[in-house]
């Protein structure tokens, strides 16, 4: 008997157990490496789906195998309790917030960000840290299942990523937003001037090791730059959909490419929040009969939109706070809400992969 959004008790138990382990694993290897695995799993699964749908010839067994692997990787692995961002990435983010409070992160040096923001750092095998990751992995899965089950027109994994990150701030005693140190919450000029924060000490204040404003990516925060890369990524994402029919290959490419950022390649862009809405909107306009050039234009527009919204949320949720609240996930929440509303209004007949009530 189904008791929650089509799931039976045994299904819920399996999801809880797997999500706890997935959150632990994300904490152990670090949130960013866990998300990179998401990208690779998406690419493997979607490649299998594309091969299966386009295979022509006598090798039906190969096509069936490819289709089976594709169907069995993207959902349960890439976006499920193994490497779903709402589980593994969310668990890693929460565990970093906890570890920074309880001697689980390296001591910061001058100019460093708060250690809780170091999502590339693998947290190892300390039981309490991994347990935090596991608990937040379960919470992230519960949020994802609830959001999707209710048909809330937002990307369910992104909802899980953002709500768990904000919950971690509240639970572990961090400020939800932080205190702006410039002329308003969107002002990044203190970073450009190299201004440091001040901390209260006995008898007065002293200069902190931290910058007054901490941009999510020091090489990717200027409005013109993020709009430009969003334009390019949007067109390419729409083109990939037009040629493959896959809603997730562009996202997978962007997510997997973060391996280079994790390895220390300077100025490497983060683009999955541009690729996903661009792909969705391209699919929507093409399904409704528009040509490929129109789809590319729509993809460019939503690539730019995703980029700019991501930068907005970076300045609101990340730059002044002490822990990682993911700007791309916040952007994806917003752009998929826009896509969902457009579909509900009847502007488009489909909504990409955005759930609808």
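Yeah, the Cβs are placed from backbone N, Cα and C, and that goes for glycine too.
All TrEMBL annotations are machine predictions without curation.
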For TrEMBL, the entry transmembrane segment belongs, out of 93-110, 111-128, 129-146, to 129-146
Residues flagged as transmembrane segment in TrEMBL, choosing from 12-45, 46-79: 12-45
I'm checking region-level scores; what's the whole-number mean pLDDT for the domain 'DUF7973' (11-356)? 91
